[in-house]
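Heads up, the thing below is written out as structure tokens.
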Amino acid sequence: MPTDTPTLVLIGHGMVGQRFLQALAERGLTATHRVVVLCEEPRPAYDRVQLTSYFSGRTPEDLSLTDAAFIETHGIELRVGDPAVSVDRAARTVTARSGLVVGYDVLVLATGSYPFVPPVPNKDAGGCFVYRTIEDLLAIEEYARTATTGAVVGGGLLGLEAAGALKGLGLTTHIVEFAPRLMPVQVDEGGGAALLRTVEEMGLAVHTGVGTQEIVVGADGAVTGMKLSDGSELATDLVVFSAGVRPRDRLARDCGLDVGERGGIAVDEQCRTVTDPHVFAIGECALAADGRVYGLVAPGYEQAETAAAAIADAEASFTGADLSTKLKLLGVDVASFGDAHGTGGDCLDVVYSDSRAGLYKKLVIGRDGTLLGGILVGDAEAYGTLRAFTGSVPPVAPEALVLPAGAGAPARLGPSALPDDAVVCSCHNVTKGTVRGAVTEHRCTTVPEVKKCTKAGTGCGSCVKVLGQLVDAELEANGVEVDKGLCGCFGHTREELYEIVLALRLTSYRELLDRYGREKARGGDGCEVCKPAVGSIIASLAPAIGASTYVLDGEQAALQDTNDHFLANLQRNGSYSVVPRIPGGEIAPEKLIVIGEIARDFGLYTKITGGQRIDMFGARVEQLPLIWARLVDAGFESGHAYGKSLRTVKSCVGQTWCRYGVQDSVRIAIDLELRYRGLRSPHKLKSAVSGCQRECAEAQSKDFGVIATANGWNLYVGGNGGATPRHADLLAQDLSDAELVRLIDRFLMFYIRTADRLERTSVWLERIPGGLDHVRDVVVHDSLGICDELEALMAAHVAHYRDEWAETIGDPERLARFVSFVNAPDAPDPVVAFVPERDQIKPDLPLLSIGRRPADDLLEGSATR
Ligand SMILES: Cc1cc2nc3c(=O)[nH]c(=O)nc-3n(C[C@H](O)[C@H](O)[C@H](O)COP(=O)(O)OP(=O)(O)OC[C@H]3O[C@@H](n4cnc5c(N)ncnc54)[C@H](O)[C@@H]3O)c2cc1C
Ligand code: SF4
């Protein structure tokens, strides 16, 4: 870069700092400026909003908001772990802790906030923490290993997050809040009461209306308790201060920039400091032109865009921001929007409250019917629509907006009733009109396309459900018929076909095709898409609809994939592999010996799989019944390595053997594997159980994963390893055995009901409108009233399960299909040949180049068994 290139120095690489860099890059300013970033933390920007998800298994890398490619491509000089220590505005230089002095033409301060710690005695004792950075969490995690009780000072948004984290670490957890209710800023008295009830039901002890007077320490100087303002003392080993944040404006003060009375670097509407035109301030360290310091990320992002625009001499201003928030705290929906406390005066409240169910909804309505704001606790489903209506008169009566469905409420208000200028995504300030434009002008037909086109839904994600409804409504209004049919034979989706099969108890593919297929497909043979899909639906529902539970009976046989035809996995040289079930990966020596003997006698190659079982390769079709006869005799059954069904439930050794274990992970893994074995589903299902948070069984990379806590089990869903890894999401915490099984029953049956063909749970969770929140509402809160049905379907599956291989070898008719050549049943296939390698066999074939292998085979690799 030439020496006359202007230099832009950014101090602080947090969430807003990173967004500012992206805005610079989008405006081409990284090409015209030398950009130097001084970053205090030991890592580049990460998602602080999602900080707590570290405790549910997301790594610091998962949370990262940037990557080396972005930094490199834009020539950004990022100095990690090298904070700015002073600014000389006269010389226009910044000095870093390393001693580096860098001159600037433009300086941007994005130094964020620091956690406020009340000045109580012993506040810095061993065992006292704050909750702001990944390093804070690492320190809390380490200290909690030897602690049993923890207390959080502050019952606000972050305090509740911190309390949830302590509870997840197995500590008896207290929350001490000075105000008379939890989350005093966001919710009012009624909302606080609903929240309190739910939080207490989760086993957290809440102390409101009391302050912390002193931290009590033991002889070693470490925390042993807290003295509270009501004279009581609380015994605790660990304290997390979460009593609010303050803008980090020390650097600015020291170099003579104006700061507000209560802190914050004073800026104008372009985010330029009021003192110095060469210096900008954005994010939580800035005191905006409207006199507010914003503690949420969305306003910070808007300030980042504004500052970048101002530097590029473009028009933009930050005049204030919506403080609406929707959060999931300790699993409870809490949302507030607009003037939630009715501070403007002359307004009326419409309140729906059901403290038994932990529900509280309040709308603040102006005299003329304008929706001014509101609070939702326990059910924030309507948040997206309500927020967008704020400031206007909604076209239906206010009670219709808060009463639950079925409680006498008039028809609900959909987002199609919103005006075009209503903001549907406040993170990126995207209006309904822009979303409609994405559909009509840019031809987007799906939510992912609209997200890409408008950025809507890519921030906190709370508007994605509304986006889906808007896209559908817009397509419909434009007469665009989106063919959602399963294939050329059926105009119905897989989900619709599932409902038809279940409702009409249809057990025949042919009947389904002839009655519900597309006109041209009726009377035909179907295709390779719908045959296995319908075969899978019928198999999933077999006991409930009265179909045979044996997948190779009658017409069912013709519907199955190649692997299911022979109840074994076809290998590249035409031989098959055999995988007996080893529930939870636990196997007695006698059974191990049987596997060894069978492999030796039939000359099979053996390999231990990633799913904790033993795979025997190289069996010829005609050998399969002989091998299975011996396996069944020894007490083995099919491991379904071939089916779109449950594969394995892995486990670590858990509490029985491991000194860290807090529950018996092996027992629960075996129970789960035996419960769900043979369950046919849209795609394969994998699971794992870990005996503690150390997660040795990698449960969070599974379709449903279970991790032990001191109080029970945490259930994670939608994880995936393989080609498209995805960390599972936490569905529910601290479940008893019975609660765990009930939730998994519901989750699996809801997935089987609504997923598309060949859609793994990870993809389904991302696609289904409302995502994880919706799935949680359905399977945890029974929002659709279908949980009894889901449980009954699973109970029918469990009651009717039969081992496919035991059924096969006991029936000569079923055995007849296991021949290489139907017209020469005694002839082995001559193509299946082997050569020795490392004391075992291998196929006598040259290695195929990867490019020749079908994509499906790559995704179904052997290691996934
Ligand atoms: C646990 C938690 C949960 C949250 N949840 C939500 C939520 O649900 N919704 C929401 O809107 N907001 C939430 N927030 C707030 C949100 O994270 C902040 O609004 C956002 O991070 C502000 O971004 P920022 O860049 O201004 O500050 P930060 O992200 O704090 O970044 C500032 C950076 O500047 C660095 N820095 C400071 N001084 C210097 C220096 N002298 N030299 C170099 N670097 C320096 C700091 O180390 C830090 O890395 C949450 C915050 C926390 C902690
Ligand atoms: S997950 Fe925990 S209990 Fe299981 S093996 Fe690892 S450390 Fe032990």
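Yeah, the Cβs are placed from backbone N, Cα and C, and that goes for glycine too.
Note that this is a predicted model, so its numbers are computed, not measured.
Sequence annotations record features per position, and here TrEMBL assigns [4Fe-4S] cluster binding site to C652, C658, C692, C696. The siroheme binding site annotation in TrEMBL covers C696. Residues or ranges marked as domain 'FAD/NAD(P)-binding' by TrEMBL: 8-308. Positions annotated as domain 'NADH-rubredoxin oxidoreductase C-terminal' by TrEMBL: 324-385. Among the features that TrEMBL reports, domain 'BFD-like [2Fe-2S]-binding' is placed at 423-470. Residues or ranges marked as domain 'Nitrite/Sulfite reductase ferredoxin-like' in TrEMBL: 571-632. Sequence annotations record features per position, and here TrEMBL assigns domain 'Nitrite/sulphite reductase 4Fe-4S' to 643-779.
Residues V653, G654, Y660, G661, S665, S690, G691, R694, E695, A697 surround the recorded [4Fe-4S] cluster site, their Cβ atoms falling within 8 Å of the Cβ centroid of C652, C658, C692, C696, which are themselves excluded. Helix first, then strand, then coil: DSSP counts for the domain 'Nitrite/sulphite reductase 4Fe-4S' (643-779) stand at 52 helix, 35 strand, 50 coil.
One residue stands out among the binding-site residues C652, C696 for having the most other Cβ atoms within 10 Å of its Cβ: C652. The local packing around C658 ([4Fe-4S] cluster binding site), expressed as other Cβ atoms within 10 Å of its Cβ over all shown chains, amounts to 16. Contact check: the domain 'FAD/NAD(P)-binding' (8-308) against the domain 'BFD-like [2Fe-2S]-binding' (423-470) gives at least three Cβ pairs closer than 8 Å, residues 6 or more apart, which meets the contact criterion. Helix first, then strand, then coil: DSSP counts for the domain 'BFD-like [2Fe-2S]-binding' (423-470) stand at 24 helix, 5 strand, 19 coil. Note: C692 ([4Fe-4S] cluster binding site) has non-local neighbours C658, Y660, G661, V662, Q663, I707, A708, i.e. same-chain residues 6+ apart with C-beta under 8 A of its own C-beta. As a whole-number mean, the pLDDT of the domain 'FAD/NAD(P)-binding' (8-308) in this prediction is 94. Residue counts for the domain 'NADH-rubredoxin oxidoreductase C-terminal' (324-385) under DSSP (helix as H, G, I; strand as E, B; rest coil) come to 6 helix, 35 strand, 21 coil.
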